[in-house]
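This report refers to the structure that appears directly beneath it.
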Amino acid sequence: MGEYVQKGNIQVAKVLYDFVNEELLPNSGLDQDKFWSDFGALISDLTPRNKELLARRDEIQEKLNEWHKAHRGRFDFNEYKAFLTDIGYLEPEVEDFEITTDNVDDEIAVQAGPQLVVPLTNARYALNAANARWGSLYDALYGTDAISEEDGAERGSSYNPVRGAKVIAYGRQFLDEAVPLAQYSHKDAVQYAIVDGQLVVTTEGGATTGLKEPEKFVGFQGDPQHPTAVLLKNNGLHIEIQIDREHAVGKTDQAGVKDIVLEAAVTTIMDGEDSVAAVDAEDKVLVYRNLFGLVKGDLTATFEKNGKIMTRSLNPDRVYKTPDGGELVLPGRSLMFVRNVGHLMTNNAILHANGEEVHEGIMDAVITSLIMKHSLIGNTRYLNSRKGSIYIVKPKMHGSAEVAFANELFDRVEDMLGLERNTIKIGVMDEERRTSLNLKNCIYQVRDRIIFINTGFLDRTGDEIHTSMEAGPMLRKNEMKSSTWLQAYEKSNVAVGLAAGFRGRAQIGKGMWAMPDLMAEMLKQKGAQLKAGANTAWVPSPTAATLHALHYHQVNVSAVQSELANDRNDYRDDMLQIPVVDHPQWTAEEIQEELDNNCQSILGYVVRWIDQGIGCSKVPDIHNVGLMEDRATLRISSQILANWLHHGICTKEQVLETLKRMAKVVDEQNAGDPNYRPMAPNYDDSVAFQAACDLIFRGYEQPNGYTEPILHRRRQEAKAKFAAIQQ
C-alpha cells in the first residue's frame, strides 16, 4: 500500500491526489477543497445503493440455482418464465417511448462507420486508434490477406509491383461502385480536375465525364486544374483520392493517383475496462493520464521501428476547398468515447468508511468526466465533441435498476463538475442477460442521455452460461454462435433500439471481429452486421477499420434501419432458450478438444495479464491463429469449463493435466518475448498458472462468472512478488 492523503471522509492515494490536483483541477473552474469534499459526499451517498445492487445480483443467482436444481429433468418453459417474472428477473415493460437525447455529434447520430476499442494503458495504440479516423486503403489492401498472394502477388520484404497493380485495380473497382462516373470507369481516368465547381475526369481517349451523382464531390486540395486531393462523399463517409505523379505509386498510375484514403473509425472507445489491467492507484493514474493527454491533444508515444526512432502524436484536422470556393474542415481524429468500469469492482486508489476501497465505477465517472470537461471549456488543442457532450460507455449492467443507478451517478457528477444536465451521454453495453431481456426498460432509464447500445457476444455468452449454471451442461463454445438465444439477442437489440427512436440519433453497435490477421474473411463476413441494422461495429485495428469502412459504402445503413423499423417482434421467449445439452453425446476426443482450446486460450491471455499487466493482446490459439483476447473472451472460456466440471463432463484431474500441457504450448508461443516468464515446469510457483486454475476451478462461485476479482487479486500478488525479487 502506498501513501495516502486524508481529505474529509476519504483517503486518497497520493499518486492520484497529486495527479488530480496538479494536472486535472487547474483551469477546470473547480475549487480544489470543494472538489474533494463533493467527491467524498458522492462516495458516501452512492456506495450503499451500489452495494444493494450487487447483493441483488447474488440473491437472484441463488434463486436461479435453486430453481434449476429443483426442476432438473422436468423443465417447463412456462413455469420458468413465470418464476423469472416472480423474482423480478423479467420486468413489466414500460409503455412505448422515444429517446430525447440532444447535442449528439454527427459521428454518432448521422454517420455510420467502424468503431475501434483500444486500451488506455498503451499510449501508442490509443494514438493510432484516435488517428484511425482516416486510413490508407492501399496500405490496408497491400499489407493484409485482403489481396491474395496468388499469381506472383506475394507481399515480400520489398515493394512488389504485381501486388501493387492488384491493389490499384481493387481501388478503382471500389470507386466505380461507391462514386461511379456518369460515363466510363475510374480505371479509364488519366486526370482529375475541378472545372466550374464540378469534378471533371479525363479518360485515356481524351473524353471527359463527371460523377454520376455530382453532389458526391465535396472538396479538393491544391490547384483546381491539378488537385493533390479530391474529396468525395458516399453514404455519409468521405473518400479522398490523393494525386502525386512524383510519388513511387503515383508514377505508376496513369492518373497519378498515389492512394485512396478512407474515412474509417469515426468513433473510438478509449477503454479503461475489459482491455486494460488496472488493479491499483498507479495503474489507474496511467489510464487517466493517457486519457487526459488524448483530450488535451499533447499525448505522444516514442518507439523504435525498423531501427528508427518514431514519435506518434495526434493528427490535425483536414482542410479542403469546397466546390463553391469556401473552406471545409473535417476532423483528423476519431470522436472519442471513454469506457468506465461497471458496478462490481473496487480499487484502493481511494478509501472511505472503515478503510473500504471505493467502487471503481464511481471513481471512473468523476475523474474521466473531469478530464473530458477540459475539452468543453477550451483547454485543449482539439475539440473532441463539437456539440459539447461527454461520451461514457457503461458496461456490465444487469437490468434497469442498475442503469437507473448509472443515470443517478451521472446526474451527481454533472452537478459536482458544474456541467449542464445530460452533458454526460451514456453508451449502454447490452452484454448481460437481465439487460437483454429488459432492454426497453434499461433504455427508458437513460432516455435523455443514451447515445449507444451494443451487443457483445462473448460477455453475453459468459453471463448466459453462469446464469443457468445449474440447468445442465452447455453447448461447446463455437456452437453458441448458432444457438437460438444468440440469434434472438442480436435481432432484439436492433429492434428495441429502432423502436426507441435510435435511427438518426444514436448508435446501434455490433461486436468485434477478433481475428486481425484474417482480413479477407472479415471483408466477406462483417458486412452482414450492417444488413442486420447496425450503424457501427467493432474492429481490432486501424487497418481493419479502413477495410471495414468499405462495407458502409456497400450498404446504406439508414435505408436498412428504415426497413427494419417495422420489426415489432418480441424476441424474449427465444432469448430465454437455455443453450443446455440434455443428453450430451460428445466423444472423449471432442471433450478433450474443447478442454485443449479453452485451456490454451485462458493461459495465453492470463499469463500476459498477470505477469506483464497486458489487458488486451493478440493471443495465438491452438492452431496459431492470432485472436484478439480481452476479459470477455476469458469469461466465456473459463465459464464453459466451470460448467462442464460442475456437470461431470470432465474431471478436475483432466482439466489440470490439460492446463499443464497447454502451459508448455503457450510458453513455446511466447519464446520470443524477452519479458515472458514461463509457467512450466514450476506450475505452483507461477502466479499466472494459479490464476488460470482459479478461474476454472472457482468459476462456479465467481459473481456472475466475472473474471476481475481473481485477476485483480493475482495481479496484485504478482506485482508484489516481482517487486520483492528486484529488491
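Cβ coordinates are placed from backbone N, Cα and C, and glycine is handled just like the others.
Since the structure is predicted, the reported quantities are computational estimates derived from the model, not experimental observations.
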- Binding-site annotation, Swiss-Prot, acetyl-CoA: partner of V117, R124, Y125, S275, R312 in P516, P540, P579, P584: P540
- Of E360, E431, E432, residue recorded by Swiss-Prot at the glyoxylate site of R339, G456, F457, L458, D459: E431
- Note on the structure: One of the recorded positions R124, S275, R312, C616 has its Cα closest to the Cα of E431 (glyoxylate binding site), namely S275
- Task: Between any two of R339, E431, G456, F457, L458, D459, the residues recorded as binding glyoxylate, what is the biggest Cα to Cα distance in Å?
- Result: 18
- Candidates R124, Y125, R312 (binding-site residues) passing the 10 Å Cα cutoff around R339 (glyoxylate binding site) are none
- Message: Using Cβ atoms only, which residues of the same chain lie under 8 Å from Y125 (acetyl-CoA binding site) while being at least 6 residues apart in sequence?
- Response: V118, P119
- Task: Return the residues near P540 (acetyl-CoA binding site), defined as same-chain residues 6+ apart in sequence whose C-beta is under 8 angstroms from its C-beta, sorted by sequence, else 'none'.
- Result: M512, W513, A514, M515, P516, K618, M628
- Task: Please report how many Å separate the Cα atom of R124 (acetyl-CoA binding site) from that of C616 (cysteine sulfenic acid (-SOH)), as a whole number.
- Result: 14
- On the Cα atoms of V117, R124, Y125, S275, R312, P540, which are listed as binding acetyl-CoA, what is the maximum pairwise distance in Å? 21
